[in-house]
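Okay, so here's the structure we're looking at.
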Amino acid sequence: MRVLSGTSLMLCSLLLLLQALCSPGLAPQSRGHLCRTRPTDLVFVVDSSRSVRPVEFEKVKVFLSQVIESLDVGPNATRVGMVNYASTVKQEFSLRAHVSKAALLQAVRRIQPLSTGTMTGLAIQFAITKAFGDAEGGRSRSPDISKVVIVVTDGRPQDSVQDVSARARASGVELFAIGVGSVDKATLRQIASEPQDEHVDYVESYSVIEKLSRKFQEAFCVVSDLCATGDHDCEQVCISSPGSYTCACHEGFTLNSDGKTCNVCSGGGGSSATDLVFLIDGSKSVRPENFELVKKFISQIVDTLDVSDKLAQVGLVQYSSSVRQEFPLGRFHTKKDIKAAVRNMSYMEKGTMTGAALKYLIDNSFTVSSGARPGAQKVGIVFTDGRSQDYINDAAKKAKDLGFKMFAVGVGNAVEDELREIASEPVAEHYFYTADFKTINQIGKKLQKKICVEEDPCACESLVKFQAKVEGLLQALTRKLEAVSKRLAILENTVV
């Protein structure tokens, strides 16, 4: 490691100070959350037919409660109603029944499944003709009040949904359709409002339905700029997004573990270390012979790394219907050992829960307890060959908000929109696709160039270039100070 002279260190410190004052460069790292919802008449329409087991219905109730928790509930804010259906329709509570969040949550806990058939069309008809009526607490149509129905179902309806859903949408009701398990996906599309990619959701089982609650929390949120309102704790920079915010630091500073305050970075360390985790799709559609090609792809990337305790560490996670850590960061200290562990990885088969894998990456793989190093660059490579069976948007966004560099690699039936959702900015440089597993080695070559050790922003390796940059910044700062002095002189003369 190069040792900086006293003069260089002084200049480096000065540059960092100037960058803090003048540079627009940001490194988003941490998010806060605060949400205020617009007035809404919201009716849940929930399938409790025989195919929904009691334990699964309890999962639905957890999902409903999580969405309700995020709302501003009140007579002049958001009102919530609940329609339960099977062969018949039962209104569990009307829009006017409960005016507090606590009362709503208690009412949800008391709901019991009905069993028997699946009359989804009848339930939607009840919602638009009865549940939104004046007598039940529905408010008059107004641009200031949203009318929303969220339908949750796990099967094929025994009646038609297309016409009644079209009438609901035409009357100004926004329809969301959530399908679980063996649901008829064409039915979901017939129910939902446009754009359908924002109004149709599918999960493989009720055990993961609560993952969708965050989506609806954000969908109902109308606060657009928490930074402008001052509802944040960021020390240097606040970046606003609907209902939330991201704390960041000026160039030359790093975000502390509290996600709010910043420290000047120190020379000779930081991003020269890389923690790299592979998230590998081991679903049934990959097939055993192609899974062996995926292993070679991983080893191809590993061969390009400087594996050591101080430079690159590698972790590996495989996912299908569940998530399995093959080995954590730091377990193996040589390329040879890493590649041997990759060769020994067994194929999981089953489903494609990419969202769950991304959440595992955030909650486990990049934690200190799993071998991640504070200050090391965090890189995730997600490899998949098909559409995810769970919701990926929240976890994908959070990974990027936390500063992880995310690459998305798709093969065959992989969905481009999902790859783009996962990939870091600029997206074109962080997502790759090929139609055939036999050509993934070409993607490996491209990735090798992308996964490089970033230059330490505090290292000042090129002193000539560095000094020129300092001089330029000093001149700019001098001009700004002169302009400020002139303004102060004018103000002083005005006062006198």
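FYI, residue positions are counted from 1 along the chain as it appears here.
Cβ atoms here come from the backbone N, Cα and C positions, even for glycine.
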The disulfide recorded in Swiss-Prot for Cys238 goes to which of Cys227, Cys249?
Cys227
Could you tell me which of Cys249, Cys265 is bonded to Cys262 by a disulfide, according to Swiss-Prot?
Cys249
What range among 293-321, 409-437, 467-495 does Swiss-Prot record as coiled coil?
467-495
Whichever of Cys221, Cys247 is disulfide-bonded to Cys234 when Swiss-Prot is consulted
Cys247
Surrounding CB atoms that lie within 10 Å of the CB of Asn76 (N-linked glycosylation site), all protein chains:
10
How many Å lie between the Cα of Asn344 (N-linked glycosylation site) and the Cα of Asn76 (N-linked glycosylation site)?
61
